[in-house]
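Engineer: My questions will all concern the structure given below.
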Amino acid sequence: MRTVFIVSDGTGITAETFSHSILAQFEMRFRKVRMPFVDTPDKAHVAVGKINEAFYNEGVPPIVFTTLVNAESNKAIRRAKAMILDMFQTFIEPLEKELGLKSTHAIGRFHQNADTEAYKNRIEAINFSLAHDDGQSHKNLEDADVILVGVSRSGKTPTSLYLAMQYGLKAANYPLIPDDFERGRLPSALYAYKQKIFGLSIDPQRLTEIRNERRPGSKYAAVENCRYEVNEAESMMRREGIKWLSSTHKSIEEIATTILQEIKVDRDNY
């Protein structure tokens, strides 16, 4: 198992996201060590000490993902006995040449920009999604950017919160239940906002596994019931002309990206 250090002068979210995408391409395990707020040369030297310690203990160079903007800190990290993947320098220096413009080299610039109207929008979106989780409220649905529907435990809540936190989208979600299937139509409260609705489905076998973790041995979790609910929900969405996807083999990120493409909402990524 190789050790991976994620070194940043801020929260490290950017570096960690990038490292996850890169390392996922390799079928091996990595031990991740997160080192946020390395925002001075002194802290960089401390980081180098820990990186070198891993090298001597393991006998192989650690892999280091960095997003440091301070030149002195960068110099210090580059002296470490490791493979250095400097994300900012890889992209910023070529862009400076192409644009004929020096970058600000400001620590946390991205997150400083977010502390404005966009940040306020994101907080409002999170509060909205929490208030409209699992059909808790029908109020202000006209303000929703998207309304997710699907059977219980098909991934609606985590997807709604991801859309709110990552994109500032006001995402409501509503469970489709046996009463809806008996009527053969969407809940009446949703019809006025049909253009905002997107459906989630799931493989019945996977659904019964998830539900058994919550209510083991119950009718709610029985595979026959799960198969019935999924079939009815999918039939309803087809009849109503609602776009939908199966969440069975998709990550939250993949589901959210598909929803953004299909619903055609326009919000900034944080």
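Yeah, the Cβs are placed from backbone N, Cα and C, and that goes for glycine too.
Below, the features straight out of Swiss-Prot:
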BINDING   G150, V151, S152, R153, S154, G155, K156, T157  ADP binding site
Engineer: Name the residues of the same chain, 6+ apart in sequence, whose Cβ is under 8 Å from the Cβ of S154 (ADP binding site)?
Structural biologist: L200, S201, I202, L207, S247
Engineer: Which are the residues of the chain, G150, V151, S152, R153, S154, G155, K156, T157 excluded, whose CB is within 8 A of where the CB atoms of the ADP site average out, their centroid?
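Structural biologist: Result: N173, P175, L200, I202, S247.
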Engineer: Hey, what's the Cβ neighbour count for R153 (ADP binding site) at 10 Å?
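Structural biologist: Its Cβ has 22 other Cβ atoms within 10 Å.
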Engineer: What is the number of other Cβ atoms found within 10 Å of the Cβ of G155 (ADP binding site)?
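Structural biologist: There are 23 such Cβ atoms around G155 (ADP binding site).
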Engineer: Once near-sequence residues are set aside, which residues in the chain of V151 (ADP binding site), 6 or more away, have Cβ atoms under 8 Å from its Cβ?
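Structural biologist: Non-local contacts for V151 (ADP binding site): P175, L176, S201, I202, L207, C226, E229, V230, A233.
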